[in-house]
Amino acid sequence: MRLWKAVVVTLAFVSMDVGVTTAIYAFSHLDRSLLEDIRHFNIFDSVLDLWAACLYRSCLLLGATIGVAKNSALGPRRLRASWLVITLVCLFVGIYAMAKLLLFSEVRRPIRDPWFWALFVWTYISLAASFLLWGLLATVRPDAEALEPGNEGFHGEGGAPAEQASGATLQKLLSYTKPDVAFLVAASFFLIVAALGETFLPYYTGRAIDSIVIQKSMDQFTTAVVVVCLLAIGSSLAAGIRGGIFTLVFARLNIRLRNCLFRSLVSQETSFFDENRTGDLISRLTSDTTMVSDLVSQNINIFLRNTVKVTGVVVFMFSLSWQLSLVTFMGFPIIMMVSNIYGKYYKRLSKEVQSALARASTTAEETISAMKTVRSFANEEEEAEVFLRKLQQVYKLNRKEAAAYMSYVWGSGLTLLVVQVSILYYGGHLVISGQMSSGNLIAFIIYEFVLGDCMESVGSVYSGLMQGVGAAEKVFEFIDRQPTMVHDGRLAPDHLEGRVDFENVTFTYRTRPHTQVLQNVSFSLSPGKVTALVGPSGSGKSSCVNILENFYPLQGGRVLLDGEPIGAYDHKYLHRVISLVSQEPVLFARSITDNISYGLPTVPFEMVVEAAQKANAHGFIMELQDGYSTETGEKGAQLSGGQKQRVAMARALVRNPPVLILDEATSALDAESEYLIQQAIHGNLQRHTVLIIAHRLSTVERAHLIVVLDKGRVVQQGTHQQLLAQGGLYAKLVQRQMLGLEHPLDYTAGHKEPPSNTEHKA
């Protein structure tokens with residue numbers, strides 16, 4: 001809101017508040033003057049204190065208005081930071097007004113003064129308005145800034161936006177339970193039945209006591225006891241059914257959340273996985289989703305049950321004694337405020353705990369997945385120490401949570417104790433004065449204990465919900481994330497020749513935005529031909545493969561497949577016609593048959609066997625105990641490096657792809673196996689366009705075209721003999737290998753390491 005509007009509205013209300021309160025006070029004291037009322041003030045008879053409270057809150061609002069008007073930049077921020085002040089003022093005045101009503105009731109039974117009731121009601125109206133106006137002043141912007149587009153709302157610090165965000169997250173979370181509406185309706189029915197049964201129990205307990213103490217009737221006592229038993233049995237049965245249904249509903253919610261999150265993750269662009277650690281993603285997928293469903297299910301169940309119980313309890317409490325009910329409600333606003341403060345703090349801590357746990361999970365996942373490397377360097381103890389340090393960070397946050405919970409329980413428990421002592425003392429006064437029976441007092445005290453338990457549960461529900469919402473926000477952050485690279489191509493021709501053209505391709509990884517990996521790279525792959533990429537480590541060979549697989553978007557240029565941009569092809573179709581075999585292929589924990597046919601809907605077993613024979617894998621597969629049904633283990637751990645490469649080669653060949661990419665695909669094979677695979681590929685070239693990255697001279701020299709890369713640029717192209725005749729980089733690489741100075745056609749032997757989540761191979 002614009003500044004002048006907020007100031008005008010606030011000043012108008014302050015004037016009206018002072019005017020109305022003064023008028024009511026004057027009409028209620030026509031028989032004496034203000035000075036006489038001040039000199040002979042009697043808290044049981046005068047409303048001068050309520051008029052003084054009006055002046056105090058008006059001065060507070062005037063001060064806030066002046067502060068915002070004089071400094072429209074810092075003023076609203078200061079008001080947002082001091083929201084606790086106006087909350088405490090409104091709370092204290094509201095409690096004092098209730099106490100005033102009780103004091104008046106002691107000398108005026110009943111209270112028939114209309115001016116007192118008018119001032120009593122107006123006090124609460126003005127308190128609510130004062131609180132809202134304080135929030136209004138805290139959201140204003142300078143007039144010039146308010147006129148700018150996009151500045152209509154408040155987006156700064158403060159509690160309101162955070163509360164709205166939490167509410168929106170909770171609402172969105174509950175929207176995932178829409179398929180289970182029928183279950184929720186049934187659970188709500190049994191919840192109401194159970195809560196109503198529990199609500200009537202104290203009432204009939206009081207009736208049983210009155211039948212003994214007052215009526216002294218055994219029949220009435222027996223009737224009351226039978227009703228109590230029936231209510232207890234019925235409410236227990238309904239509560240059990242309610243709990244079972246809620247557990248089922250939120251188990252389905254957990255599955256739904258995990259499914260949505262996993263689908264969102266696998267649809268993200270490749271750069272997303274370079275920027276996010278695997279452990280963090282696994283933590284979101286497992287611990288966070290479980291925490292969300294468990295905490296939300298438990299706390300919503302408790303919240304709904306206690307809401308119904310509180311409604312019934314309040315009705316019975318007012319029917320038994322409106323005076324004791326007012327005493328009871330004097331303390332609960334304080335408990336609610338403490339719960340609110342604690343819930344916000346706990347929500348922030350919960351987010352930090354989840355992030356710390358995710359970091360610990362990342363460390364554990366990284367260590368366990370590379371256990372052979374850890375053991376080869378005898379670094380087990382150091383890795384355990386690193387993990388312990390991560391856990392200690394979690395423990396520090398847990399200690400803060402424990403301290404916050406201790407303070408919350410102490411504050412709310414002390415307030416509740418004060419309320420209970422006040423009820424007992426004032427209730428005894430009402431019984432002695434004949435305004436209440438002993439049975440009603442006992443019933444009221446039981447109701448007060450029930451109400452206290454309900455409010456305490458609601459307080460813990462709030463903190464639990466905030467913890468669940470904190471985890472849900474992290475889950476929805478990934479569920480709602482839209483991939484920056486969308487695979488929305490539609491081309492899927494029946495016939496594909498397999499010609500590939502790189503035209504002035506410029507490329508940079510998102511994790512290294514200032515390093516150009518490829519610069520104006522141009523070359524072509526011809527159908528029926530073998531093209532080899534060679535060059536030093538980091539020259540851009542593997543990046544060309546990543547681009548051809550459409551893993552990353554380009555910064556410049558384009559890659560064409562049969563004259564069409566690769567992004568124009570259907571995602572499934574593109575990766576059916578382009579197959580990649582990498583140096584360290586990944587196999588899944590499935591059978592060999594499932595690994596070879598991976599990604600294809602239906603593949604005849606004969607085609608699987610044929611592909612395995614071409615890849616020289618059929619022999620070792622048949623020697624395994626279960627043959628093609630043998631489980632490969634996690635990441636193919638049950639197979640050797642050479643066996644994994646041959647299975648991966650079969651996985652590529654079973655598709656009969658027009659374009660075949662071999663990225664050091666035979667590096668782990670013996671000479672005989674490599675020769676057989678090369679013969680299978682070269683003997684069927686009319687059906688493939690082949691791109692190879694290899695460092696063995698025997699593999700490279702047979703290529704129809706050799707493309708030499710250096711520092712992201714194409715420096716030479718030609719056949720083996722042509723490039724040797726030209727001299728240059730390729731001739732140097734060949735000379736180094738022939739002299740035994742370096743094993744591969746590369747400056748750095750063995751550079752082909754798989755890229756980590758934070759680094760890319762080029």
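In case you wondered, yes, glycine gets a Cβ from its N, Cα and C as well.
Note that the structure is a prediction, hence the values are computed from the model and not measured.
Taken from Swiss-Prot, the feature ATP binding site applies to Gly535, Pro536, Ser537, Gly538, Ser539, Gly540, Lys541, Ser542. The domain 'ABC transmembrane type-1' annotation in Swiss-Prot covers 184-467. Per Swiss-Prot, domain 'ABC transporter' is recorded for 500-736. According to Swiss-Prot, the feature transmembrane segment maps to 7-27, 47-67, 84-104, 116-136, 181-201, 221-241, 315-335, 412-432, an assignment based on sequence analysis.
Counting every protein chain shown, the number of other Cβ atoms lying within 10 Å of the Cβ of Ser537 (ATP binding site) is 17. When Cβ atoms from all protein chains are considered, those within 10 Å of Ser542 (ATP binding site) total 24, not counting its own.
Between the transmembrane segment (47-67) and the transmembrane segment (116-136), the number of CB pairs under 8 angstroms, six or more residues apart, is three or more, so the stretches are in contact. Same-chain residues lying 6 or more positions outside the transmembrane segment (7-27) and placing a CB less than 8 Å from one of its CB atoms are 47-48, 50-51, 54-55, 57-58, 61-62, 64-65, 68-69, 115, 118-119, 122-123, 126, 129-130, 133, 136-137. In the structure as shown, the Cβ atom of Gly538 (ATP binding site) sits within 10 Å of 21 other Cβ atoms. The sparsest Cβ neighbourhood within 10 Å, among the listed binding-site residues (Gly535, Pro536, Gly540), is found at Pro536. Beyond the transmembrane segment (116-136), the same-chain residues lying 6 or more positions past its ends with a Cβ under 8 Å from any Cβ of the stretch are 1, 6, 9-10, 13, 17, 20-21, 24-25, 28, 47, 50-51, 53-54, 57, 60-61, 64, 79, 83, 86-87, 89-90, 93-94, 97, 100-101, 104, 160. Around Ser539 (ATP binding site), a 10 Å sphere centred on its CB holds 25 further CB atoms from the protein chains shown.
Mean model confidence of the domain 'ABC transporter' (500-736) amounts to 85 (pLDDT, 0 to 100 scale).
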